[in-house]
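A.B. asks: What Swiss-Prot records for 79, 80, 88, 190, 256 is L-tryptophan binding site. Per Swiss-Prot, substrate binding site is recorded for 99, 186, 188, 269, 271, 273, 355, 357, 421, 425.
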């Protein structure tokens, strides 16, 4: 009887074959690739696709991850994770789609040649365009011009010493959605530095850029106008005053970032991400229905599932803020972050589509895993209910899984065309049998099983 190959078999084989030009790239490979390989296997990718996607990761992505983070090393601080690590894996559990997101950097990032990391992404995309047909740069070029620092603004900020102390210096990041042997590329843009340089809020920069684009691409106007109306109602001073009188902190919705698909604009989605500081089921319900503007049967069916997921995850309610600084590598989190939502604007659709993000970072990973397994089983996704914990524990085999609280960052949920979508966003650093070699730096060792016997 044939036995199934281990989930990391492709990683093990490639590790025997690959050479690396430097120690930094070798560390990135062995830190991320075990979990990446296991996720591809969990999502049902065949072995040929696994080799292709891991090969692309090694050849075209790792060179743009920069200095490998370790205690005492200076690295570019990425907003992508609370630890400043510029890479994150995510898994759409119900559609079996693997995604990875990263902030490209080069040796010029943070120097006079590219003080605020505006150009590394262009070099990275040029590499990816050569191996994947269908990548379209029109909307990326437009939003980059609207939301990323230009040369004049960069020079102005360079004379402001306080900018280097900003918690957000990320301006852009890329994501690859892996489908079969292909990938779809999308870009995320953070206008925080542009806001400092221009004096215009990130929120207004994002909404103004989409408003201007909608004058040319009128097919996105209907859904964008609905979103503007909802956000304006949430940000109305009279509404906030009423909340304050009731003893509830005012919770305006503020845009944090924007993303778009790098495909033909007629098929691309624009996504506007907003922070919700009031963490509660009532707030999530309001985000889901756009304050009662979405009332169709599909929305209401999704609302029931979203409520169920909220109760299973047991997220504490309250008014949350982002901390001023990143966590140190290996630091065990003791914090709760705001919720988030993105609204997708599709051409020729009357309503924006919501995807809500349950921010579970800092909560028990075992508890989240059990909640997700229950949710999967209740709705007939028995295979994922069986596989998910096995995959996650196997990605951190030397840790006391019951003690961990930093593996899950978000659980996202959406409901489109009468179908639910649930994704998990995961800590993707020092995975597998880390350290791969005895002299590799180890930051996340607080709950390594080998340490427990010493306490």
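Placement of Cβ uses the backbone N, Cα and C atoms for every residue, glycine included.
As the structure is a computational prediction, the values presented were derived from the model and not from experiment.
Each of the listed features needs to be described in terms of its position in the shown structure.
C.D. replies: Neighbour count (other Cβ atoms within 10 Å of the Cβ, all protein chains): 23 for residue 88 (L-tryptophan binding site).
Residues within less than 8 Å, Cβ to Cβ, of residue 271 (substrate binding site) and separated from it by at least 6 positions along the same chain comprise 258, 259, 260, 342, 343, 344, 345. Under the three-state DSSP scheme, residue 271 (substrate binding site) falls in the strand class.
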A.B. asks: Give the distance between the Cα atoms of residue 190 (L-tryptophan binding site) and residue 355 (substrate binding site), rounded to the nearest whole Å.
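C.D. replies: Distance between the two Cα atoms comes out at 19 Å.
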A.B. asks: If you draw a 10 Å sphere on the Cβ of residue 355 (substrate binding site), how many other Cβ atoms land inside?
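C.D. replies: A 10 Å sphere around the Cβ of residue 355 (substrate binding site) contains 20 other Cβ atoms.
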A.B. asks: Whole-number Å only: compute the distance from the Cα of residue 256 (L-tryptophan binding site) to the Cα of residue 188 (substrate binding site).
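C.D. replies: Rounded to a whole number, the Cα-Cα distance is 10 Å.
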A.B. asks: Is it possible to get the count of other C-beta atoms within 10 angstroms of the C-beta of residue 99 (substrate binding site)?
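C.D. replies: So the number of other Cβ atoms within 10 Å of residue 99 (substrate binding site) is 20.
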A.B. asks: Three states by DSSP: which one describes residue 256 (L-tryptophan binding site)?
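C.D. replies: SS state of residue 256 (L-tryptophan binding site) = strand.
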A.B. asks: For the L-tryptophan binding residues given in the record (79, 80, 88, 190, 256), what is the largest pairwise C-alpha separation in angstrom?
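C.D. replies: Pairwise Cα check on 79, 80, 88, 190, 256 gives a maximum of 18 Å.
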A.B. asks: Measure the Cβ-based neighbour count of residue 188 (substrate binding site), defined as the other Cβ atoms within 10 Å of its Cβ.
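C.D. replies: Other Cβ atoms within 10 Å of residue 188 (substrate binding site): 21.
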A.B. asks: Determine the most Cβ-crowded residue among the binding-site residues 190, 421, using a 10 Å radius around each Cβ and all protein chains in the structure.
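C.D. replies: Highest number of other Cβ atoms within 10 Å: 190.
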